[in-house]
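Below you'll find the structure, written out as structure tokens, and then a few comments.
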Amino acid sequence: MSYSRERLQRAQEAMGIAAKKSLGQNFLVSDTVINRIIDQVKAFAPEELVEVGPGPGALTDLLLELNLPLQLIELDSAIAAYWREKGLTVIEQDALRLDWKQFYTGKRVVFVSNLPYQISSSIVIERSLENEGVAAMVLMFQKEVAQKIRGTVDSDLYGLLSVYAQAFWKIETVTDAGPRDFQPPPKVASRVLSFERIESEVKNRKAFLTFVKCAFAQRRKLLKKNLSGLLSQKKLTEEQMVGWLAELGFKETARAEELSPKQFVALYKHFGFE
């Protein structure tokens, strides 16, 4: 039995809990995967740490060894109580409804999590909406979601999540994790990604999100058709749009999946949302 499986067994006995399907709990038990996550966290040189969903502590115990301020966000009341008894600060709240500004004090904050799969895409969007926020993230995803986040131009997986995440982060694959690396085993493969904040020309990130959503609203439609509503809203013409596409090297028949994140930003800037 791996050290992580032994630790999970001890922690579950101490907490008197089992994984809750309703909360998307699949506890990580692979020493190899855990160590790769921790190594990536250390590579980002954090000054403070935030972990969502610590569970029985597969990552938490090793994060504590870094001797850095650590904030835990845990929705499961039994698990939250367990970590409070150990003297840690635990915010017992939904990570998607939390005001994350409380974590941003000018220090280099790194966010790490074996994310519940049902909130993973939303978490990435929420952190990407922030002009100032966490410096880096190391997060576990369902493999297909991870592939969408790192999706490339003209691929089936390239879409809203790809463009929006890549516009604000340098994203790399850290490691893969199979069903056997979790207890209970999920039905899907998983992948860990690292995110490092990059400079962006986009100031109004909410408007950019709306822009990209409209662009991918109907994949088979031409980009100029998907953005026709925004053109009207901004009192712009389709002819202007065709000209901007030409500047980027595209014909008027271009579709959203043909533009890179940088090209999306360049096109967006013509719409006057900033």
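Even glycines carry a Cβ here, placed using N, Cα and C.
The candidate list N114, N131, N204 contains one residue that Swiss-Prot assigns to the S-adenosyl-L-methionine site with N26, L28, G53, E74, D94, namely N114. Once Cβ contacts within 10 Å are tallied over all protein chains shown, the binding-site residues N26, N114 are led by N114. Considering only the binding-site residues E74, D94, the Cβ with the fewest other Cβ atoms within 10 Å is that of D94.
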